[in-house]
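Under the heading active site, TrEMBL lists Asp57. The feature ATP binding site is assigned by TrEMBL to Lys28, Gly29, Gly30, Val31, Gly32, Lys33, Thr34, Thr35, Glu227, Asn254. The coiled coil annotation in TrEMBL covers 327-354. Residues or ranges marked as domain 'ArsA/GET3 Anion-transporting ATPase-like' by TrEMBL: 21-313.
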Amino acid sequence: MATTDIPDGTVRNILDQDTLKWVFVGGKGGVGKTTCSSILSILLAQVRSSVLIISTDPAHNLSDAFQQRFTKTPTLVNGFSNLYAMEVDPNVENDDIGGSEGMDSLFSELANAIPGIDEAMSFAEMLKLVQTMDYSCIVFDTAPTGHTLRLLQFPSTLEKGLQKVMSLKSKFGGLIGQMTRLFGIDDEFGEDAILGRLEGMKDVIEQVNKQFKDPDLTTFVCVCIPEFLSLYETERLVQELTKFEIDTHNIIINQVLYDEEDVESKLLKARMRMQQKYLDQFYMLYDDFNITKLPLLPQEVTGVEALRALSSHFTSPYQPSTSRSAVEDLERRISTLKLQLEHAEAELDRLQKGKQKV
């Protein structure tokens with residue numbers, strides 16, 4: 001079935017599902033995740049009491065999207081009374097750990113010894129913070145696919161971290177105790193404190209992980225563009241989400257070229273044909289998904305007003321302009337052909353004059 005026969009989907013199902021607590025937005029790098037997550041948060045703020053959008057991408061773009069500076073503390077977005085934004089550093093910071101220099105050094109060594117545990121602990125700290133706040137819905141603007149999949153593996157990463165610490169404690173308990181005393185670290189910041197901290201984080205992240213696996217509370221929105229690599233990344237992401245038992249039933253295809261009335265470029269026409277091939281594959285692979293198509297725009301989408309303007313295409317399908325009548329269409333084609341003929345005649349005249357001189 002051609003995509004032209006299939007009605008375009010929207011994100012209304014997400015807006016109408018008032019039980020949703022967590023909305024993840026992810027996909028390949030450079031496909032427009034931040035723009036889409038920002039617009040989703042704006043739309044959710046219209047139907048929810050309070051919304052928080054969090055960027056977990058190391059290269060934060062939320063500040064650029066809203067044209068407002070955000071930090072690791074939730075900040076009210078200009079022009080809204082119930083939409084907040086924050087940008088979280090995915091790497092654990094010594095300032096956030098607390099304790100003496102010896103504690104910092106010990107923690108740094110632990111983070112280096114267990115791959116991914118620094119991000120896992122930072123994410124757990126952020127979730128602990130978020131859980132103390134009363135937001136109706138939380139939108140995650142995630143890092144590119146690989147980072148997002150690691151984020152979903154954090155509970156098992158912390159489990160491995162705990163096992164490693166327990167193993168070290170059983171083998172070198174006495175030595176660690178001597179080292180902590182040598183560094184001047186009291187019991188409050190000793191190995192028991194590190195273990196307790198990891199266990200506390202593990203409890204938090206496991207509790208949230210249960211919510212992530214509840215389709216009434218959590219959904220994942222995949223953002224992509226109609227190209228091979230993006231289609232491949234989306235399929236990989238959907239399979240991984242299924243493996244992690246995380247609900248996903250919305251795909252946003254960004255930067256779609258439409259055959260509008262002013263498209264004459266051969267390059268654009270070729271790109272349209274290429275895109276159509278992958279659009280057909282998207283609809284074939286994800287026939288039970290809500291697929292929202294967004295047009296390629298001539299300008300960047302930055303600032304609240306630009307985001308609001310584009311948000312209309314999230315709730316109702318984009319309609320390309322095809323308002324010309326058949327007569328107007330023929331008149332335009334004739335005018336274009338006349339212009340091309342004039343250019344060809346001028347070029348022929350120039351060549352003939354050059355030939356006569358020779």
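Positions of Cβ are set from backbone N, Cα and C atoms, glycine also.
Features as recorded by TrEMBL, highlighted on the structure.
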residue: Lys28; record: ATP binding site; Cβ neighbours (10 Å): 22
residue: Gly30; record: ATP binding site; Cβ neighbours (10 Å): 11
residue: Gly32; record: ATP binding site; Cβ neighbours (10 Å): 21
residue: Thr34; record: ATP binding site; Cβ neighbours (10 Å): 24
residue: Asp57; record: active site; Cβ neighbours (10 Å): 23
residue: Glu227; record: ATP binding site; Cβ neighbours (10 Å): 17
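Mean per-residue pLDDT, taken over the coiled coil (327-354), amounts to 80.
The two recorded residues, Glu227 (ATP binding site) and the residue listed as 'active site', show a Cα separation of 23 Å. Among the record's ATP binders, Lys28, Gly29, Gly30, Val31, Gly32, Lys33, Thr34, Thr35, Glu227, Asn254, no two C-alpha atoms are more than 19 Å apart, and one pair sits at exactly that spread.
For the pair Asp57 (active site) and Thr34 (ATP binding site), the Cα-Cα distance reads 9 Å.
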